[in-house]
Every structure is written in C-alpha cells, then in structure tokens.
Amino acid sequence: MIVKYGGNAMKSLDLRRAVARELGTLRGAMPLVVVHGGGPVIERELAARGVASEFIGGLRVTTPEAMDVVEMALCQLNKQLSQDIGQAVGLMGRDDELLRAEVLDPQLGRVGRVTGVNAGLLRTLLGAGLTPVVGCVAVGEDGEALNVNADTVAGAVAGALGEGAVFLTDVDGVYRAYPDPDSRAAQLTRAEVEDGLAAGWIAGGMIPKVRAALDALGRGAPFAIIASGMTAGVLAQAARGEAGTRIVP
C-alpha cells in the first residue's frame with residue numbers, strides 16, 4: 001500500500017511521530033511505501049532565507065534558488081521520517097532516477113509532472129523488508145531537480161506497483177452533505193465522484209483530493225482512500241474499510 005503523508009498532519013511533531021509509529025506497526029501486516037510532501041517545512045525554510053513564495057493555480061512557482069531550498073527541506077524531513085518509522089530507507093526522487101519528470105509549465109519554473117517510476121528499486125527494498133520513504137523531488141529531462149506534487153507522486157507510485165493508495169489529509173473522507181457526520185461516503189466509484197464534482201457536493205478543498213485519487217486510479221492503482229491523518233490508528237482502519245472514503249474504478 002502507498003501512503004501519502006503531508007500537509008497539516010505534519011505540523012505537530014507528536015502527531016507526526018504517532019503516525020510514524022503506526023506506519024512501523026502496519027508494515028508487519030503489509031508492504032508499505034510512504035510518499036511525503038513538506039509544505040509547512042518548505043514555507044518555513046523559504047521564509048527564513050527571505051525567498052518569496054508565489055503560487056499559480058495552487059502550485060508553487062519554483063525558481064532555481066527556491067528549488068535548492070525545497071530539496072534541502074525535503075531531505076531533512078525525509079531523514080526524520082525514516083528514523084521515526086524505523087527499518088525504513090529514505091529516498092529522494094532523484095536517487096537512482098526513482099522519479100522521472102518533465103517540466104509542467106515554464107511559468108512555474110522547476111515544477112514537474114511525473115513521467116516514470118523506478119518500480120524495480122522499490123520492489124527490491126520492499127523485498128528486503130524495508131519501507132521506502134520517498135521525498136518528492138524528481139530528476140528532469142535535463143538531469144536537474146524538479147519539484148513534483150506529492151499527491152501525484154503517490155498516484156504514480158501506486159500505479160507503477162499496482163497497489164492501492166491512501167491519502168492522509170485533514171478530513172476523514174468525502175461527505176455527501178458536509179458537515180453532517182452521517183453523510184460520509186464509505187465508498188465511491190469514479191462515476192460517482194465525477195457526479196459529485198458536477199453536482200457540487202464535492203467542493204472546495206476536497207476537489208484536489210478527489211482529483212488526486214482519480215489520477216491514481218488512472219495510473220493503474222486498484223483503489224484510493226482519502227482519510228484523516230489527524231487521528232491515531234486511522235491507517236489500519238482505512239485498510240480494513242472502517243475509515244475514510246475508498247474510491248474505486
């Protein structure tokens with residue numbers, strides 16, 4: 001199973017370590033690949049160095065100067081997460097060309113779209129009983145680093161390995177009538193998600209989350225789950241279908 005971890009769930013050190021412990025425990029039941037972003041950490045490091053943050057369409061404009069800071073921040077976070085999980089191998093997407101990408105839009109600078117995953121490397125590590133922890137910096141066609149979206153990376157890795165993806169976020173699933181707690185959908189098909197987007201009951205911050213789930217399905221993942229990363233124990237519950245929203249083809 002591929003677990004995408006990031007965002008607000010990373011802001012609390014105690015919560016981050018609790019999730020890492022859960023990942024370490026769950027690894028005994030199933031092979032795991034962890035994909036992480038680092039938005040809050042990156043913001044802090046950029047601000048500390050006086051590098052301005054600019055976004056276009058929700059994506060960070062990444063100058064060469066900003067790319068250096070992004071890669072440094074993700075490397076530090078990658079090492080910390082790997083240590084917290086235990087029996088894990090921290091990898092950046094540039095290691096052994098784990099993640100290959102092309103420039104998404106010249107206006108965004110060093111921002112990429114994933115075009116390939118070194119699935120063989122991941123399978124080798126999983127076969128050795130290790131948990132790959134992947135930071136989202138890819139190698140571009142020019143050999144230089146590209147900043148890639150963690151949700152998209154998780155979907156690409158899930159598709160390359162033929163495994164399901166779990167997107168840990170700050171909400172506990174997709175609701176048909178948010179915030180009514182009884183309206184959380186346990187499972188949705190791709191068609192139902194598209195209907196929800198068209199009808200407007202999937203809206204706001206949930207839109208990019210379900211888009212990431214649909215992208216994972218489109219890349220070959222058998223399912224994608226959106227679940228809360230703010231609650232201890234949710235990963236095992238989501239794997240059993242007891243938490244979050246499972247999206248299927």
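Glycine too: its Cβ is placed from the backbone N, Cα and C atoms.
According to Swiss-Prot, the substrate binding site annotation covers Gly38, Gly39, Arg60, Asn147, on the basis of sequence analysis. For Lys4, Lys209, the entry in Swiss-Prot reads site 'Transition state stabilizer'.
Swiss-Prot feature annotations superimposed on the structure.
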{"residue": "Lys4", "record": "site 'Transition state stabilizer'", "DSSP class": "strand"}
{"residue": "Gly38", "record": "substrate binding site", "DSSP class": "coil"}
{"residue": "Arg60", "record": "substrate binding site", "DSSP class": "strand"}
{"residue": "Asn147", "record": "substrate binding site", "DSSP class": "strand"}
{"residue": "Lys209", "record": "site 'Transition state stabilizer'", "DSSP class": "helix"}
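Less than 8 angstroms from the CB of Asn147 (substrate binding site) sit Arg60, Thr62, Met67, Val70, Arg110, Val111, Gly112, Cys136, Val137, each of them six or more residues away in the same chain. Gly39 (substrate binding site) sits 15 Å from Lys209 (site 'Transition state stabilizer'), counting Cα to Cα. Residue environment of Lys4 (site 'Transition state stabilizer') contains 30 other Cβ atoms, counted within 10 Å of its Cβ in all protein chains. Geometry remark: Lys4 (site 'Transition state stabilizer') versus Lys209 (site 'Transition state stabilizer'), CA distance 11 Å. On a Cα basis, Gly38 (substrate binding site) lies 16 Å away from Lys209 (site 'Transition state stabilizer'). Residues Gly38, Gly39, Arg60, Asn147 are recorded as binding substrate; their most distant pair of Cα atoms lies 12 Å apart. All chains included, 21 other C-beta atoms sit within 10 angstroms of the C-beta of Arg60 (substrate binding site).
Residue density at Lys209 (site 'Transition state stabilizer'): 22 other Cβ atoms are found within 10 A of its Cβ, drawing on all protein chains shown. The binding-site residues under consideration are Gly38, Gly39. Their Cβ neighbour counts within 10 Å are lowest for Gly39.
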